[in-house]
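Peer 1: Not my notes, these are from TrEMBL:
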DOMAIN    21-487  domain 'Major facilitator superfamily (MFS) profile'
TRANSMEM  20-39  transmembrane segment
TRANSMEM  59-77  transmembrane segment
TRANSMEM  89-108  transmembrane segment
TRANSMEM  114-134  transmembrane segment
TRANSMEM  146-167  transmembrane segment
TRANSMEM  173-196  transmembrane segment
TRANSMEM  303-324  transmembrane segment
TRANSMEM  339-357  transmembrane segment
TRANSMEM  369-386  transmembrane segment
TRANSMEM  392-409  transmembrane segment
TRANSMEM  430-451  transmembrane segment
TRANSMEM  457-478  transmembrane segment
Amino acid sequence: MAAGEVHTGRYRRVPPEGGWGLLVGVGMAMMFVVTLGSLPSFGLMFGDFLTDLGEETSAIALITSCFFSALSFAGLFTNTLMKKTSCRTVGLIGAVSYIIGSMMTIFVRSTNELLISFAVFQGAGFGLMIPVSYTTFNAYFVEKRVVMMSVAQTLIGLGTMFYPIFIQRSMDAFGFRGCMAVLAAINSHTLLAMLVMHPVQWHMRRVPLEYDPVPTSAPVAVAASDEKPLKTEDDFQELPAGQGLSQRNAKLRASRRASSIPGLGNWSGPVVVSDSTERDTKPATKWQILVDFLDLTLLKDPIYVNIVLGISFALYSDLAFFTLQPMYLFMLAFSKTDVSLIIAIGAGADLISRIFLAISSTCLNIKARYVYLAGALFTIVARFAFLCVFDFYGMAIVTAIMGFLRTWIHVPLPLVFSEYLPQERFPSGYGLFMFLQGNITFAIGPIVGYIRDVTGSYNVSFHVLTLVMALCVIPWFFEICYIRLKRKARTPELGHVTIPMIQETKA
């Protein structure tokens, strides 16, 4: 025992805040690099293959829509699977599914085969691995969560920045199927990433208690043992009013810990990292089971519906735009080297934007929904500029601007829901969003491809995607204005109510 150390014989178990958690962070970054890196480069990988089949734009739109639909459905049911088996096992199932899909792409000969291999197997596998990665990461880091997530995001940004260049060089060196084989080998690292997702109970640190009891303000994870969990400061409140205030303060602290933009991770969809809300275990009907499972009562809230629809339209518009961009650049007679470099520049700007958000979020207190709205609005402006440039340097600059703004659309996404929903309804609310977003993407996904094939114009397709992005900006803007006007109208009434309450408290 070190000099001056007090040992009472009692311990509490806390997350390691490092140690094996570092491998968890590296595994999470590795998984996102190999999965996210291929999405903006879809046109580079399969453009020539689909062109030879005569199903260029419509096939790309259909396959990417099905990919995100499979991702959303798989992420929606991840919590249910975690109740039946371990979190790590669910991640391994997702990794195996992703690897099988990657190996199947080596031998694809038609659009339907690519739809099954890429959209179904890889999309579902990705959807299972995302919640597992975030859940495990959040279990290993509490105090250092924001710092470690920022480091992981930096690694992800660096990996995705060089990914298109690597794909293009692999295509030049090995051809289409050789490149698919190389990517399948790289994607097999997702299995290693999920293998390091050990339960946090295996690596908990034992910290001796110097005093008994010691009030703590932050939740402490306790491994399964005979030890009783350490009481929090809420347990030592004497008066009911004081206890209620302490509980509200604890929720506020938890909300602040969860409301850091760099601590929320990436844009990639299902980030349901907490346990499901306790619900009635004996529903009366099958419909009640569905309502209970998806928490469909949220659909009665017009603001929640506006948030879901706006984000769903914005995500689809963004992903479809960057999927079609390489094909548009090829039409403008850009070389494959130039196209891969432009995509890499956009990814580099995305990395810089992530760092910018991480730094600015420590200094500025801006609602995530306002950040999201600003990103969508400025993206619309940047897209009009995109259609007015035709040289390499102009295209690189505009793509860098759109890549910088893209982070504002994807990174704050979970925080938009956590700001509006109560903490206990966030998992079900986010899960319902995933379900609806997957269906919306699947329903409207092929439309842009069909418009491109009918009109023969990429410009028309891009204008349609810009209009879809506006379906996020315009309703949100009117809602925010309406809420502010309504709040100002109620301010005098609230002022009259507040004064008697303060006087009564003082009495």
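First residue shown is number 1, and so on along the chain.
Using the three backbone atoms N, Cα and C, a Cβ is placed for every residue, glycine included.
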Peer 1: If you average pLDDT over the domain 'Major facilitator superfamily (MFS) profile' (21-487), what do you get?
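Peer 2: Looking only at the domain 'Major facilitator superfamily (MFS) profile' (21-487), pLDDT averages out to 79.
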Peer 1: Where else in the chain does the transmembrane segment (430-451) make close Cβ contacts, counting only residues six or more beyond its ends and a cut-off under 8 Å?
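Peer 2: Beyond its ends, the transmembrane segment (430-451) has Cβ neighbours at 57-62, 64-66, 68-73, 75-76, 79, 269-272, 294-296, 298-299, 307-309, 311-313, 315-316, 320, 324, 414, 417, 421, 460-461, 464-465, 468.
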Peer 1: Counting only pairs 6 or more apart in sequence, are there at least 3 Cβ pairs under 8 Å between the transmembrane segment (59-77) and the transmembrane segment (369-386)?
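Peer 2: Checked: the transmembrane segment (59-77) vs the transmembrane segment (369-386), no contact.
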Peer 1: Between the transmembrane segment (392-409) and the transmembrane segment (146-167), are there three or more CB pairs that fall under 8 A, provided the residues in each pair are separated by 6 or more in sequence?
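Peer 2: These two segments do not touch.
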Peer 1: Please identify the stretch among 89-108, 173-196, 303-324, 392-409, 457-478 with the greatest number of Cβ pairs below 8 Å relative to the transmembrane segment (20-39).
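Peer 2: Stretch with the highest Cβ contact count: 173-196.
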Peer 1: Any chance you could find the range in 89-108, 173-196, 303-324, 369-386 with the most Cβ pairs under 8 Å to the transmembrane segment (457-478)?
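Peer 2: Checked against 89-108, 173-196, 303-324, 369-386; highest Cβ contact count belongs to 303-324.
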Peer 1: Quick one: find which recorded stretch in 89-108, 114-134, 303-324, 339-357, 392-409 has the most Cβ pairs under 8 Å with the transmembrane segment (173-196).
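Peer 2: Stretch with maximum Cβ contacts: 89-108.
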Peer 1: Sort out for me which stretch, of 303-324, 369-386, 392-409, has the most Cβ pairs below 8 angstroms to the transmembrane segment (339-357).
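Peer 2: Checked against 303-324, 369-386, 392-409; highest Cβ contact count belongs to 392-409.
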Peer 1: Cβ under 8 Å to the transmembrane segment (114-134), counting only same-chain residues 6 or more beyond its ends: which ones?
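Peer 2: Same-chain residues near the transmembrane segment (114-134) but 6 or more away: 27-28, 31-32, 35, 46, 49-50, 59, 62-64, 66-75, 78-79, 81-82, 87-88, 90-91, 93-102, 104-105, 108, 190, 193-194, 197, 265, 268-273.
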